[in-house]
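A quick write-up on the structure given underneath.
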């Protein structure tokens, strides 16, 4: 995609309130859904056992359930996965004891010739994981604010974090609405998005900073808006090309990567789109609003201290 | 048309020399490196168990020293299994994580790990006659019964008179009470009467003692095969665990599931890399070729560094590798866009290249450092799979910085400085009409 900088007249600024409103409403509704509907926590976050039964030929859910019943077990749920439904994933909420899983494994090894994969968890482990993930994000956010404040300025840091939270919440909301399973790789995906979102925002901010240094005098909202818009147009080609290539990668994983990577890559694709949207329509505009307020404050102070008699320009 | 300044052919020759020598290097040993990569549990099959450590019979408190002792005891046991790269880590105050990749017999491995291997010799009333501390350390071995030729485990008693005393006492008891029960992992509350009728019993054997035995060697018979006897002797020699291990999380992957996953992930990876290459070539023309070259070098170097770190590749790791390709492309895109911008502003090819490379550097640096920051937090706070992902992401970012920033600059620089690209804006994907006059 080519964007002619001279001719392209995309106004990212004019509709900023609509973007804020759209994201605000989405997140608001999302948070309500999150607190009522909640997330569809996978076995990683619940107490229980999942057994992946692999066969050489396609199986049906009834077949798998029957095989379990033959040895005296009744799974709480059986789903078929794999390209030809050759994997039956049976979940046992509450979990099986070690001897029981061993019995199941040896039984299916005899029947299908493959040892099934077994995962067992107690909720303590899942809860700890989720807690760790939240702590990690908070620490990362603090670190990022610090770094951006040192390299840029504090207001950029704040805006970047707003965009980051926006993206992380966005994926959580999508997963809550779709009731898609949240597992450990999903957490990895959310954290990747956090990294990508910040990467994307920093690239835009870097251009704003550069363009700001070319400006002789930036005194009000209109000046700032012009600089921000110019920077966004200038980085637009990069933003779109980068997100396209990464979406190629994540999309190929989603379509071809197999069951194990599906949730992960779906979260990535959603997060990448949200990340690009937020860097283009939320982060820079946020900075614009904060910076305008900051400039106004500075000017008022100046007016009070240096030129108390002069009317405001 | 004005005559072009002479083209420096030597630089173009240098370009091809670099590309060809690197391509040869990659072609000759990329497969070796790819084969050397150690695969994680999810790819290779194997299992991971998280144990909660509890004091034996509430005796002692769990402290660091006890945990370390447990880890070395577990290590000694895993040697019995012959697993090449076990990974045993202490988590928090009272957890131990054991990861064993490529274990073919998961069932016996799990049993072998969690048994305490506390041997005790008791009478029918569960009174301890002697226990592991009375045996010669490392004295257990597998042998065969002299008469029946059955596989047995023999242990050596430290003090020959002790065993003689015990057998004297037992042999004087009435029939039915003259049994010496050999227990593995006796726990408070277990009783001989109950345990002996169980199918899976903690009592290895309970022979009758009819006469005084003054030998120091004690034979344990217990329906062993040669293998199970060797294993038991192995664990006994490895030493008893000083603690109780409670399995609170386990994740085991059959190897065939793993093979399927890696095939799919590799296919997906190749498709996505092909898509990215195609896009870059169409969109950035000549610079796209540079991008394809540096990205190929990137993928190769990531493999090399990954091997060099002895890291373990997991499914999320593959995902991070592919995501890393995206990040490497991003560095290319940022630079190329910048060069195009400079060209559009009317600069000559050479000065556009210089200005573009210089200005894009700080952007790429800031963007990469923030991402590394996030990945480091993942590494520090994540669990195994997430950590694998973080390692791969950090490696990817560092390597992509080398290939996509320095590598691309070197290769493109050779062409640009050779002057053969002067005034050929279309080669950069810039249309003539877009160029503003200076």
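Keep in mind that glycine also has a Cβ here, set from the backbone N, Cα and C atoms.
Annotation source TrEMBL lists domain 'Protein translocase subunit SecDF P1' at B:69-126.
Summarising the annotation, TrEMBL assigns domain 'Protein export membrane protein SecD/SecF C-terminal' to B:244-415.
Taken from TrEMBL, the feature transmembrane segment applies to B:264-282 (among others).
Under the heading transmembrane segment, TrEMBL lists B:289-309 (among others).
Using a Cβ-Cβ cut-off under 8 Å and counting only residues 6 or more beyond its ends in the same chain, the transmembrane segment (B:315-339) has close neighbours at 40, 42-43, 261-262, 265-266, 268-269, 272-273, 276, 280, 284, 287, 290-291, 294-295, 298-299, 302, 352-353, 355-357, 359-360, 363-364, 367-368, 371, 385-386, 388-393, 395-397, 399-401, 403-405, 408-409, 428. Per TrEMBL, the feature transmembrane segment maps to B:315-339 (among others).
Per TrEMBL, the feature transmembrane segment maps to B:360-382 (among others).
Annotated transmembrane segment per TrEMBL: B:388-416 (among others), in sequence order.
Within the model, the domain 'Protein translocase subunit SecDF P1' (B:69-126) carries an average pLDDT of 75. With a cut-off of 8 Å between Cβ atoms, the residues of this chain six or more beyond the transmembrane segment (B:388-416) that come close are 11-12, 14-15, 18-19, 40, 286-287, 290-291, 293-295, 297-298, 301-302, 305-306, 309, 311-314, 316-321, 323-325, 327-329, 331-332, 335, 349-350, 353, 357, 361, 364, 368, 371-372, 375-376, 378-379, 382.
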